[in-house]
Amino acid sequence: MTLLIKNGRLVDPKSNRDEVLDILIENDKIVKIGLNLSVENAEIVDARGLVVAPGLIDVHVHFREPGQTHKETIHSGAKSAAAGGFTRVVMMANTKPILSTPKVLTETLEIADKEDIKIDAVGSITQDFDGEHLTDFDELIKAGAIGFSDDGIPLTDAGVLRKALQKAKLTDSLISIHEEDPNLIGTLGVNDGEVAHKCGFTGAPTVSEYSMMARDSMIAYETGARLHIQHLSAGESVEVVRFAKNLGAKITAEVTPQHFSITEQMIFEQGTNAKLNPPLRSTTDIGKIIEGLKDGTIDVIATDHAPHTREEKNVSLDKAPSGMIGLETSLQLGLTNLVAKGHLTLSELLTKMTVNPAKLYNFDAGYLAENGPADLVIFDAENDYQVGETFDSKATNSPFIKQKVQGQVKYTICDGKIVYQAK
């Protein structure tokens, strides 16, 4: 297949390129980038007035298959990703059964391989998330695991984490960690602040996150292994990551769009759709997170796409599951709350959604270059619209429904094929 993208604003953070150019794609590769390109029998995509960027990469999604396909399937998750401009995603291990064995992982990846986007997966750190017994890292890597995480459940035993990091270092594998100490938490999913107190319960204080993060960062420093901090939410957590990096620890960190966009007050408006682990925090926390994004302390923006059904969410705040979908609003929230407000340039935003996620797992992705992969997103960076009530995801649990955002994905191209086109 030959595809010719004409007159788009090519923004490639890896090469610091930002100029109007044409891109010629043949099969799964970019073969030419230049001005006034033409070729016979090519399908033309008119990108005039639009941004052409590397396909987005999300290193933190929950596609719920196997075992919870009433919430999401790999297929519906892949469709949601493509609609959001993502050409590659990494699934977490908290399926049913958990991705703890080569058999379950292999079967899951065989399903994922049928989709139009690239889907990878991590294996669990501990067997069935028991927090005690490590999985067989070597066998899981052979089965296709690109890293390890017990995301959704923190590793409370420091000794287990240390053993996991020591083992991961032998294969240069990435360990990704959910940082919330359950011993310091009352009710999960709600900040221990004004909202929780008005609701009459104790929530999840910021110390439950940054205290565990400090412990784990120092263990990573001691072992020399690579540790990735998932979905940090507290201002103090940014300081911990900054300190650990300055010390020389091989630490990377991610933040979700919701944690730099809205506060715990959103629970009063959106109810359980704004209940998340870790919870939404304060305006002060958002300010420190934005500073961490600006100075490079926070490396990656990831969605933590976590679908639930309406029935599951339509219960009391203390009983509802935590999580929200995010693949179809991620780029827009970055454009709206970071770029439009002058916190990041467009290239800086894209770095945290393409180049840096690719670095975590050594993907050949996240850049636009001749002979490089034909994975791209084409979007209108300035178009305002209201987030709808339906999504390509099977789920609708988003606190951003009816919110006005900036930016709209027009095309997603993966391996040289148009896998999403706006209607």
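Note: Cβ is positioned from N, Cα and C throughout, glycine not excepted.
Straight from Swiss-Prot, the features:
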| type | residues | note |
| --- | --- | --- |
| BINDING | HIS60, HIS62, ASP151, ASP304 | Zn(2+) 1 binding site |
| BINDING | HIS62, PHE63, ARG64, ASN94, ASN277, HIS308 | substrate binding site |
| BINDING | ASP151, HIS178, HIS231 | Zn(2+) 2 binding site |
| ACT_SITE | ASP304 | active site |
Between HIS231 (Zn(2+) 2 binding site) and HIS60 (Zn(2+) 1 binding site), the C-alpha gap once rounded to whole angstrom: 9
Cβ neighbour count (within 10 Å, all chains shown) around HIS231 (Zn(2+) 2 binding site): 24
For HIS60 (Zn(2+) 1 binding site): intrachain residues, at least 6 apart, with Cβ closer than 8 Å: VAL90, MET92, ASP151, SER176, GLN230, HIS231, GLU254, THR256, ALA302, THR303, ASP304, HIS305
Binding-site residues near HIS178 (Zn(2+) 2 binding site) (Cα-Cα within 10 Å), from HIS62, ARG64, ASN277, HIS308: ASN277
Cα-nearest neighbour of HIS62 (Zn(2+) 1 binding site) within the listed binding-site residues, ASN94, ASN277, HIS308: ASN94
Neighbour tally for ASP151 (Zn(2+) 1 binding site), based on other Cβ positions within 10 Å of its Cβ: 23
For the Zn(2+) 1 site built from HIS60, HIS62, ASP151, ASP304, further residues of that chain with CB within 8 A of the site's CB center: VAL61, MET92, GLY152, GLN230, HIS231, ALA302, THR303, HIS305, ALA306
Greatest C-beta neighbour count within 10 angstroms, which of the binding-site residues ARG64, HIS178: ARG64
